[in-house]
Each structure stands twice: as C-alpha cells, then as structure tokens.
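Among the features that Swiss-Prot reports, NAD(+) binding site is placed at 97, 98, 99, 100, 101, 119, 120, 121, 122, 128. Swiss-Prot lists 124, 171, 255 with the feature substrate binding site. According to Swiss-Prot, the feature Zn(2+) binding site maps to 171, 251, 267.
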C-alpha cells in the first residue's frame, strides 16, 4: 500500500513570555520582516497601554498604526482597502482578542507574517491559527495566520482587569469538554481525530485546574501560568489543523449567547458556563469545574452578566445550530424548553 498522506503544521518559532518581554519586539520584527513596513493593529485603549511601548522599540522601522474596532468582516475589509497603496511586510496585533483576530486575519489575507503581542490572556486566540469573525448575524471561526512569534509581556498583561485573566483561564479549562465532544464525534461520526492534539489541549485545561490556587488578582505569575497554557492550547489547534481541540459544545453555547444578547459577559465567561452544561451532559464532574471557576473568582450564573433566563434557555436550545458541521454532545436537534431549563437549573447557571 502506498502512503501519500501529507499535513502542514505551523508553530511560533519565537516565544517571549515574562517581565519586560516587549523589549525584544525589535529583534523579533527584524527576524521576520523581509521588506516593506510594519502594520501595527491595536485599539484605542491598548495603544496607550502597550502600543506606544511597542512603537518606542521599533524606531528602525517604518510603522503604520491602525486603530481598529470590532473583529467584523466589514472592518477587516475596510482596513485591507486602506492598505492597497502601502507595502505591508508584517502585521503586529497589539491588544486583546478582537485586535489580534483582526491582525491575524489580515496577515492571512495578505500572505505576510503575524506577530501576536497580547495585552491580556483573555482567551486562547492569542496563540492560535483561527480568528473569530462577526458578520453581523453570527460569529465564525475562520482560518488565519498562526503567529510567527508571540511576545507576551506579563508586566503589561497584569495591568488588565483580573476578570480577563480568569476568563482566559476558563477558556483553556473548557478545552476539557471540547475534547470530550471531539472524541464523541470521532466515535459516532468518524470525524478525524488527533490523539496528540487532544492530549495537549486537555493537559492545558487540567494543569490550570490543578494550579487554580495560583490564579489570583494582581499576581504576575498568574499571567505567566495562564499564558503558558494558552500557548499549549494554540499548539494543539495547530496540530489538529482546526479549533476542534479547544472548541466544542461550550463554544457553541458561547456563540449562541453572543447572538441572542451577551449582556456584559465576555468569551471566557460564556465558555465557563457552557463547559458546565457540556460536562453535565457527558456525565462528568461538572461540579469540579464549577468549584474551580469559583476559586479563580469567575461567576457562572447568567444573571450576574445581565443574561436573562429566557436568553440562556434559548441559547442552549439552539446552540447546535451555530455550527452544524461540528458534532457535539448537544446533538443535531433543538433541545426542548423544559430540558434546556432543567440543565441550566441543575448546573446553577439560572
């Protein structure tokens, strides 16, 4: 039998994590920029928090700074239109999840390297080859450029509200249920499965559970701990060639919440709630997850984020519709109102 299988995997070749890591940004850019200018994508707040410091270390380069907003297809198209008469040679994403999603998607479209410079460890997108893009109706996980390098300065990231740290930890912990869903899809639907990616992704989540007592407000070592496991999660996705190792039914619930009305909740908080639902349905120890979230200071009650009871029930009922091709424990049919309400009540989400 002839073997003709081939798979391409891309990983960051340079990773700097720690205090004052941003001082290395100049040498990192020098390594990957072949020609043209540096395109620095950031937000209004993150420009003041980290963008200015990045610029001060890029005096030897021509830099085009773009202040971006939400990661939508329209905003990305608008930025790309503005670049038509410029020679962008590398993209730096400086900020939280949405700014990094915009940067990695533009880098993918332009076919140039991308460097991730996160200002908060709010979710695993800072180290993955996927971008969450909103099209006005729904959120889609799209193929994007894997970071060629990651520069995560813990002295900057620790300044972000602790809420984002806890949410980032929860996003990684929810990998555990994503892997359960992936195994289920492999068993019932014959979906391609990577044991290596699954083990790496689940390990990242369980490592944070075991060390959850170290995830505390104002502690730079907490940033270090969470960011390292975010990198492991990103590597798992690179191995799998998709977001499967880190995105299952918990993420479908999160996206449904975002569509129906997220209140004040952010991605990792939604995934935390979703992971309780998923683990309960899988017959696993959902109370361990709930206690871990409580330990790191993350609330899993929908009303605490302004998410109404009816919104939560509707979100769970329709979550499987968000990405029909991704089979999970939620199945392929809407849950009834009563069943969804019961699951949410048992897990304490409503």
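Going from the start of the chain as shown, residues are counted 1 onward.
Note: Cβ is positioned from N, Cα and C throughout, glycine not excepted.
Feature map: Swiss-Prot annotations on the structure.
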{"residue": "97", "record": "NAD(+) binding site", "DSSP class": "helix"}
{"residue": "120", "record": "NAD(+) binding site", "DSSP class": "coil"}
{"residue": "171", "record": "substrate binding site", "DSSP class": "helix"}
{"residue": "251", "record": "Zn(2+) binding site", "DSSP class": "helix"}
{"residue": "267", "record": "Zn(2+) binding site", "DSSP class": "helix"}
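Within 8 A of the CB centroid of the Zn(2+) site residues 171, 251, 267, the other residues of that chain are 123, 124, 170, 174, 247, 250, 254, 268, 270, 271, 274. Taking 124, 171, 251, 255, 267 as the binding-site residues under consideration, the smallest Cα distance to residue 101 (NAD(+) binding site) is found for 124. With the fewest other C-beta atoms within 10 Å around its C-beta, 101 stands out among the binding-site residues 101, 171.
Highest local Cβ density among the binding-site residues 97, 122, 255 belongs to 122, counted as other Cβ atoms within 10 Å over all protein chains shown. For the substrate site, whose annotated binding residues are 124, 171, 255, the maximal Cα to Cα separation is 15 Å. Comparing the Cα of residue 124 (substrate binding site) with the Cα of every entry in 97, 99, 251, these being the binding-site residues, the smallest distance points to 97.
In this structure, the C-alpha atom of residue 267 (Zn(2+) binding site) lies 8 angstrom from that of residue 171 (substrate binding site). Apart from 124, 171, 255, the residues listed for substrate, the same chain places the Cβ atoms of 123, 125, 132, 174, 246, 247, 251, 254, 267, 268, 271 within 8 Å of the centroid of those Cβ atoms. The NAD(+)-binding residues named in the record, 97, 98, 99, 100, 101, 119, 120, 121, 122, 128, extend over a maximum Cα to Cα distance of 16 Å. Nearest in space to residue 171 (substrate binding site), taking C-alpha to C-alpha distance over the binding-site residues 97, 99, 120, 122, is 122.
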